[in-house]
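Since the structure comes first, as structure tokens, the remarks are kept for the end.
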Amino acid sequence: MTDPHPDGATAVDAPQDDKLDRGVLITAGVVVLGAIMSILDITVVSVALETFQREFDATSAQVAWTMTGYTLALATVIPLTGWAADRFGTKRLYLLAVLLFTIGSVLCAVADSLQVLVIFRVLQGLGGGMLMPLGMTILTHAAGPHRVGRVMAVMGIPMLLGPIFGPILGGWLIDIASWHWIFLINLPIGVVAIVYAWIVLEKDHVEPSETFDWLGVLLLSPGLALFLYGVSSIPEHGTVANAEVLTTGILGLVLVALFVPWALSPRNAHPLVDLRLFAFRNMTVAIIAMALFAIAFFGASLLFPLYFQQVRGESALSAGALLAPQGIGAMLTMPVAGTLADKKGPGKVVLVGISLVTIGMVMFTQVGAETSYTYILGSLFVMGLGMGSTMMPIMSAALATLTAHTTARGSTLLNISQQVAASIGTAVFSVLLTNALKSEAEAAGGVPTLTGMADAFSSVFVSGAVLVGCCLVPALFLPRKPPEEPVDPSVVMGH
């Protein structure tokens, strides 16, 4: 039988102990710090857009570039992360990523024009885009396949809670200080993260002989950036049938499509993103499930604060605080879900999680202009319970069967899929809501009533509930047994 670890690498250097030992938890602390900076920054900035409009005397479309520039930088750098981690080592690259993000944050805080702010947001994105895939790689190596569910639960804390508590933090900082502090707050966190990572993370194995896929980077990075730019432009134009949206979106898809045969070619021994990992059934099923869930989750995350502000008249800070039950629900189930995923298999856990999210979303389809907050907050709590049992177990299902050699590439593939799905979800749900509100306004003779606005939100939540429900189909094919010994993809593909 072919050795699943031809280079002598094992799936993990950690001991085969069932519990998360002190070393793994300390390593997790490093990763969570970096992830908190990256994910919180996205949602913190979202509540500052109106402030940017006043500060720089700009339109909403112009200030949206502070978000779009960051997203495009993520799309450009994430494909490079897997190769760079193998080439230079995860510790060195992680330190560089945190340093870039921290420097970018400080420069954003001192920006004196919108154009300069956008440029420095791109620098932030180049660092932030590497933090999540690197963090997943570091934790998977530290814990091993038998504990990957639990460490992914730790990783899920900033991923699920960032969109909830980011607006609260952003609104509070802007209210008590100024918009500059939503960036300056990253300076002390970044310094601590750099020192912490320098001390805690061990120097890992690097592969300096691995060639760089120049053709791959020329196809995939601009392809993803162009596609996501086109998708991000949809809400501004209100339709897909726009020249700018179609031109950039289609050109991006063409470049990505050209990358696929090149990545699978026998001549390409080290592709930028290893599509051969789709030979793993668990990886393929997990990516499909995660993409569907990310579209619905990130799309719905856009709707909740808007409902509270536009229909119920709440401030940005209050709207963020009202989302707390969702975070509480996620915190309650996340550690339990991680343990159960390791012991019983992620498939069973994800089925329960998706069912809970679907129930919560269906409850929200019945929300009106005067629905009691008890009912609304209860709906959010149920969704939170489900979210804590869904996204990270899906990721653990994908990563648990990978070797140490392929974990970095697998993390990159997962993060690309999630980033694309999140951008699509935000754009699609934004357009659905805009069109629904427009229809209600026309029916009311120009200005929609609060009841009409609530009905518009409810109709969009129906789409979200259906999409989340569709996640049950791929979830049925996720493993329902504890993770087994990793296998090398070359063995699976018969090379």
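Just so it is clear, glycine is given a Cβ too, placed from its N, Cα and C backbone atoms.
Residues or ranges marked as domain 'Major facilitator superfamily (MFS) profile' by TrEMBL: 27-482.
Feature annotation from TrEMBL assigns transmembrane segment to 24-49 (among others).
Residues or ranges marked as transmembrane segment by TrEMBL: 61-81 (among others).
Annotation comment: TrEMBL describes 93-112 (among others) as transmembrane segment.
Residues or ranges marked as transmembrane segment in TrEMBL: 118-139 (among others).
Positions annotated as transmembrane segment by TrEMBL: 180-200 (among others).
Positions annotated as transmembrane segment by TrEMBL: 212-231 (among others). Within its own chain, the transmembrane segment (212-231) has Cβ neighbours under 8 Å at 68, 71-72, 75-80, 83, 87, 244-256, 258-259, 262-263, 268, 270-273, 416, 419-420, 423-424, 427, counting only residues six or more beyond its boundaries.
Long-range Cβ contacts of the transmembrane segment (243-264) within its own chain (Cβ-Cβ under 8 Å, at least 6 residues beyond either end) map to 215-216, 219-220, 222-231, 233-234, 237, 271-276. If you look up TrEMBL, you'll see 243-264 (among others) marked as transmembrane segment.
Annotation source TrEMBL lists transmembrane segment at 285-304 (among others).
Per TrEMBL, the feature transmembrane segment maps to 316-337 (among others).
Remote same-chain residues near the transmembrane segment (349-369) are listed as 149, 289, 293, 296-297, 300, 307, 311-312, 333, 337, 340-341, 375-376, 378-390, 393-394, 397, 449-451, 453-455, 457-458, 461-462, 464-465, 468-469, 471-472, 475-476, 478 (criterion: CB distance under 8 Å, separation of at least six residues from the stretch ends). Under the heading transmembrane segment, TrEMBL lists 349-369 (among others).
Feature annotation from TrEMBL assigns transmembrane segment to 420-437 (among others).
Residues 281-282, 285-286, 288-289, 292-293, 295-297, 299-300, 303, 306-307, 311, 345-347, 350-351, 354-355, 357-358, 361-362, 364-368, 390, 394, 397, 429, 432-433, 436 of the same chain, all 6+ positions outside the transmembrane segment (457-478), place their C-beta atoms under 8 angstroms from a C-beta of that stretch. Summarising the annotation, TrEMBL assigns transmembrane segment to 457-478 (among others).
If one looks beyond the transmembrane segment (61-81) by at least 6 residues along the same chain, the residues whose Cβ comes under 8 Å of a Cβ in the stretch are 41-42, 45-46, 49, 52-53, 93, 114, 117-119, 121-126, 128-130, 133-134, 216-217, 220-222, 224-225, 227-229, 232, 236, 272-273, 408, 411-412, 415-416, 419-420, 423. The stretches the transmembrane segment (180-200) and the transmembrane segment (93-112) meet in space: the count of Cβ pairs below 8 angstroms, excluding pairs fewer than 6 apart in sequence, reaches at least three. Long-range contacts of the transmembrane segment (285-304) within the same chain, counting only residues at least 6 positions beyond its ends with a Cβ under 8 Å from a Cβ of the stretch, are 163, 278, 319, 323, 326, 350, 354, 357, 361, 380, 387, 390-391, 394-395, 397-398, 413-414, 417-418, 420-422, 424-426, 428-430, 433, 457, 460-461, 464, 467-468, 470-471, 474-475, 477-478.
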